[in-house]
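Feature annotations, courtesy of TrEMBL:
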type	residues	note
DOMAIN	8-145	domain 'Arrestin-like N-terminal'
Amino acid sequence: MPRKLLKFLILFDNTSLLYFPGQFLSGRVLLQLQHETPVLSLHFNVMGEGVVQVRSARQERTYDKENYIDFRMRLLGDSDHEPSILSPGIHSFPFKLGLPLGLPSTFLGRYGWIQYYCKAALREPSGLIHKNHQVFIVMNPIDLNMEPSILS
């Protein structure tokens, strides 16, 4: 069976992948097809979450999760579930999202993490779903001059 989908990428306009709260996260989902391909939908999702996992001395596990961003959009397809036919070649689907102010910085530690990423899913009428994801970094600088407890 010949391969129809040659490339399925999430590309950001900012190639450093570093963003600050309030900036725009923009880019495109890129598809390269070898043959004419029917597609039901192309979904795009931006996620930001924090997870904490701690084990007590008695090996009891405590787990908690918090969502900071959960933005979903449909880049291709409509609600009547009729497939769109994509021609061979390169197809680009742009996205742009303003990141909320006050997002915590990306973090990875012994007891948890804060992570931000984008996911894309391409659904074919046959039931086959192609998936891809791309992480990005959020840095929220703290002005220590504005922290009264540190100044005293």
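Every residue, even glycine, has its Cβ placed from backbone N, Cα and C.
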Could you tell me how many residues in the domain 'Arrestin-like N-terminal' (8-145) are helical, how many are strand and how many are coil under DSSP? 2 helix, 89 strand, 47 coil
For the domain 'Arrestin-like N-terminal' (8-145), mean pLDDT (0 to 100): 92
